[in-house]
Amino acid sequence: MQPPPSLCGRALVALVLACGLSRIWGEERGFPPDRATPLLQTAEIMTPPTKTLWPKGSNASLARSLAPAEVPKGDRTAGSPPRTISPPPCQGPIEIKETFKYINTVVSCLVFVLGIIGNSTLLRIIYKNKCMRNGPNILIASLALGDLLHIVIDIPINVYKLLAEDWPFGAEMCKLVPFIQKASVGITVLSLCALSIDRYRAVASWSRIKGIGVPKWTAVEIVLIWVVSVVLAVPEAIGFDIITMDYKGSYLRICLLHPVQKTAFMQFYKTAKDWWLFSFYFCLPLAITAFFYTLMTCEMLRKKSGMQIALNDHLKQRREVAKTVFCLVLVFALCWLPLHLSRILKLTLYNQNDPNRCELLSFLLVLDYIGINMASLNSCINPIALYLVSKRFKNCFKSCLCCWCQSFEEKQSLEEKQSCLKFKANDHGYDNFRSSNKYSSS
C-alpha cells in the first residue's frame, strides 16, 4: 500500500529543510561547503585535515595570495571560529614559476660547469705557484673553496628538486643543503671583509713588506672565518624540515623553513631571517669595504709624496691587489642585490588583502627568481673577475687552462724566480731608504 501523495510531498520538503539546516550548521561550525574550498596551488602547505601551514620565502607570497582572507571580528557570530572569504586567485605567478623553472636549470648547469673549472683552477694556481702564496691570495683560495663546496653539493640537489617538484631526499639532506649554502655565503662575506682590512693594513704600514708564505695571522683569520660561518649556519639546519603538501589530490613533500618552530629563538629567527640576511650577509661587507677603502685612499694620498722611486713596482702590486679585492666586493654586491631587494620589498610592500596584489606579486616573483640566478652566478664569477682584473692571475689562468706551454711549472719557474728576486730587491731598496731617512733625521 502506497502512502498518500500529500504525505510524500511533506516528507520531501522536510528532508530538504533538514539538509539545508545541517549545511548552515556545518558552515557556522567552521566546515566549508563543498564548492567553497579554494583550489590548492603549488605553494599551499597543509597538514591534513584542517590546518594550513605557509612556507617562508618567495613562494610564501604566492601561497598567501591564494589563501582565504579572514573575516573581521565584528562580523563573526559569538562563540564561532573565524570564517574566511576566498580572494580571487592569481594566475600570473604559476606561469612565472613554470617559465623560470627551465631558466634556473640552465643557469644552474652553467654555474656548475664554470664554477668547478674556475675555482679548481684558482686553487691549483695558488697551490702550485709559490710566489702566489701570500696573505690575500690565501683568503681568495678560502673563498674559492667555500664556493666549490656549495657548487658540488647544493646546485645538483637544487636542480633535481626543481625539476621533480617533490623533495626526493630525506630530512638529513633537507637540513644539509641550506646549511652548506648559508655557510658558503658566510665564508664569502667574511673573506671579503678580511681582504678589505688586510689591504688597509698593507697600505697603512709601508714597512710591513711580506715575503713568500702564509702569515700566521692570515691562518688564524681563515680558521675564524670558517668557524663563525659554520656556527651562523646552524639555525638553518635546525629550522629546515620536510612538510607534506596536499596538491590536487596527491601529497608532495617539500623542504623549507618550518612555519612552526619549537623554541623561542628559532621562532624569532624565522621572523627576522630576511632582515638578518640583508644586514649581515649583504650590508656588512659593503660597509666594511667602504670604510677601510676610504681610509686606505686617504693614507695613500698622504704618503704619496714621501715614496721612493725604488718602491714604485711594489706600490703598483699593492694597488693591483686592492683593485682586485674591490672588484670582488663589487661583483658580490651586484650578484646579491636583486635577491635581497625582492625579499625586503615583499616584507614592506606586499599585502595579501590588497585587490591589486597580483601585479605586485608577479613583479616580486620575477625579481626573486632573477635574484636567485644572480646569487648562484656569484659562486663561479670570482675566478672570471680575477682573470679580467689581475695580470698575474690572468697569466696563470692562461698557462693552466689553455696549455700554451708544455708544463705549467716549467713556464712559471723562471717568472717566479724573477718575481721573487725583484720583490727582494725592492725590499732591500726600501730598507736602505728607511736607514738613510733615519740617519738624516737624527
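Start at 1 and count along the chain as shown; that gives each residue its number.
Note: Cβ is positioned from N, Cα and C throughout, glycine not excepted.
The signal peptide annotation in Swiss-Prot covers 1-26. Per Swiss-Prot, the feature topological domain 'Extracellular' maps to 27-101, 164-175, 244-271, 351-362; the stated evidence is sequence analysis. The N-linked glycosylation site annotation in Swiss-Prot covers Asn59. The region 'Disordered' annotation in Swiss-Prot covers 69-88. For 102-126, 138-163, 176-197, 219-243, 272-296, 325-350, 363-389, the entry in Swiss-Prot reads transmembrane segment, with the evidence type sequence analysis. The topological domain 'Cytoplasmic' annotation in Swiss-Prot covers 127-137, 198-218, 297-324, 390-442 and is backed by sequence analysis. Taken from Swiss-Prot, the feature disulfide bond applies to Cys174-Cys255, supported by sequence analysis. Here Swiss-Prot flags Ser305, Ser419, Ser440, Ser441, Ser442 as phosphoserine, drawing on similarity to another entry. Positions annotated as S-palmitoyl cysteine by Swiss-Prot: Cys402, Cys403, Cys405. According to Swiss-Prot, the phosphotyrosine annotation covers Tyr439.
For Cys255 (disulfide bond), applying a Cβ distance below 8 Å and a minimum sequence separation of six or more within one chain yields Lys161, Trp167, Phe169, Met173, Cys174, Val177, Phe240, Asp241, Ile242. Annotation: stretch 138-163 has the most Cβ pairs under 8 Å to the transmembrane segment (102-126), among 138-163, 176-197, 219-243, 272-296, 363-389.
Between the transmembrane segment (325-350) and the transmembrane segment (219-243), the number of CB pairs under 8 angstroms, six or more residues apart, is fewer than three, so the stretches are not in contact. Sequence-distant contacts of the transmembrane segment (138-163) (same chain, at least 6 residues past either end, Cβ-Cβ under 8 Å): 101, 104-105, 108-109, 111-112, 115-116, 119-120, 122-123, 126-127, 169, 173, 176-177, 180-181, 183-184, 187-188, 191-192, 194-195, 198, 214, 218-219, 221-222, 225-226, 229, 255, 328, 376, 378-380, 382-383, 386.
Averaged over the topological domain 'Cytoplasmic' (127-137), the predicted model has a pLDDT of 84. Broken down by DSSP into helix, strand and coil, the topological domain 'Extracellular' (164-175) contains 6 helix, 0 strand, 6 coil. Beyond the ends of the topological domain 'Extracellular' (164-175), by six or more residues, the same chain brings 42, 157, 236-238, 240-242, 252-255 to within a C-beta distance below 8 angstroms of the stretch. DSSP states for the topological domain 'Extracellular' (351-362), grouped as helix (H, G, I), strand (E, B) and coil, give 6 helix, 0 strand, 6 coil.
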